[in-house]
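Peer 1: My structure is below; once you've seen it, I'll send some questions.
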Amino acid sequence: MRSRQRMFAAVMRLLLKCLRLGRRRRFRLLRQVEQLWHYGHLCLRSLLYNSFTNGDVVLDSLFEPVYWLVDHVTRWFGVVFVALVIGLTSSIVAIVYICLLPLILQTYTPAWICWHLAYGHWNLIMIVFHYYMAITTSPGHPPQAKNDLTGVSICRKCIAPKPARTHHCSICNRCVLKMDHHCPWLNNCVGHYNHRYFFSFCFFMTMGCIYCSISGWDMFRDAYAAIERMKLLEKERLQVAANQTYYQTPPPTFTFRQRAFHKSVVYLWVLCSSVALALGALTLWHAALITRGETSIERHINRKERQRLQKKGKVSLAHGTGTGWGRARRDVPLPVLQVFRNPYSYGSWDNWKVFLGVDVPRHWLTRVLLPSPHLPHGTGLSWDLPPCVTEQRTPLLAI
């Protein structure tokens, strides 16, 4: 009996030792896995660490395949986009001349007829002129030879001199003076020599679409109601044709000319309204950039530089001009913070005068309200004070 008890106790002690040993091994294995995980995570962070990496860099890296696709597709589809612009604009002009102009001449008063003829043809001439000049005018390219200009860097892709405000276009594969962007609807870059043509085309095209949308609103409502009546009569005609007897006649239908007229009016109003909204937003965006004396690329660069200087505490959060003293208490003045300014901005009004090439008051008529092929100020290689600027503002901090 005692021998059995001793044997049972020995077996139980051995079983407990095995359980303790298994538990220790399990904890030891978990600790090793945890250590390996932390070690691998540290190695990965050490390999990918970069002090300049932030959310924007990661987002740009993720969109790099999209950028590559856009660069290569836009180069080949530029001609298609230009043909699309010409085709859609020509269709609207044809509808106005064939469908709307005879109706205007029959129903409107002589004063309104003169207004529509004068404004419509003036707007059309401005659209055609500025679009033609925008697609045929070279935006300007820096010379490949060395020059004596100050502040000239070297383009990493062209391996050529790169003046201030010049950027490399990956679609054209060339550096462009004062580059704003590459426009597929022009099949051309928007730069120093054709930036005014591009903006004027957007502005006058928007004004023309708004003019057509407002003028054709009543016609659009009547045409839409007529199309709905067409659909209803077509249903009734099919029902009558299915149950037709010798004593029944089908209801009258619209002629082909009436159908084409109503559908053309609806097409004109929908297309002009859509273009007015989309192109109007783009025009307002570029107008804001011109007011600040920036291009689309420079706005991105200036915003990055402003954020970098704000993190270092060198500039204030304000975007205006001037400096000031901030006070935490009445007797403890805070350090003066400079305001970030664009070095190529001369003030809102002067920025527009420089952009449009207005030197004297009569240029508002001859160069803005009438087609004018005048060149912009400067050569795009250096940025001296234009003659139309009355007073130059020295930038406090600039890129």
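Using the three backbone atoms N, Cα and C, a Cβ is placed for every residue, glycine included.
Got these off TrEMBL a minute ago, pasting:
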- 153-300: domain 'Palmitoyltransferase DHHC' (DOMAIN)
- 76-100: transmembrane segment (TRANSMEM)
- 112-133: transmembrane segment (TRANSMEM)
- 197-220: transmembrane segment (TRANSMEM)
- 266-288: transmembrane segment (TRANSMEM)
Peer 1: Find the member of 76-100, 197-220, 266-288 that has more C-beta pairs under 8 Å to the transmembrane segment (112-133) than any other listed stretch.
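Peer 2: Against the transmembrane segment (112-133), the leading stretch is 197-220.
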Peer 1: Restricting to the domain 'Palmitoyltransferase DHHC' (153-300), report the mean pLDDT as a whole number.
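Peer 2: On average, pLDDT over the domain 'Palmitoyltransferase DHHC' (153-300) sits at 87.
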Peer 1: How about long-range neighbours of the transmembrane segment (197-220): same chain, 6 or more residues beyond its ends, C-beta under 8 Å?
Peer 2: 92, 96, 100, 103, 116, 119-120, 123-124, 126-127, 130-131, 133-134, 137, 180, 183, 186, 190, 265-266, 268-269, 272-273, 275-276, 279-280, 282-283, 286-287, 290, 355
Peer 1: With DSSP as the reference, give the number of residues of the domain 'Palmitoyltransferase DHHC' (153-300) in helix, strand and coil.
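Peer 2: Across the domain 'Palmitoyltransferase DHHC' (153-300), the residues distribute as 89 helix, 16 strand, 43 coil.
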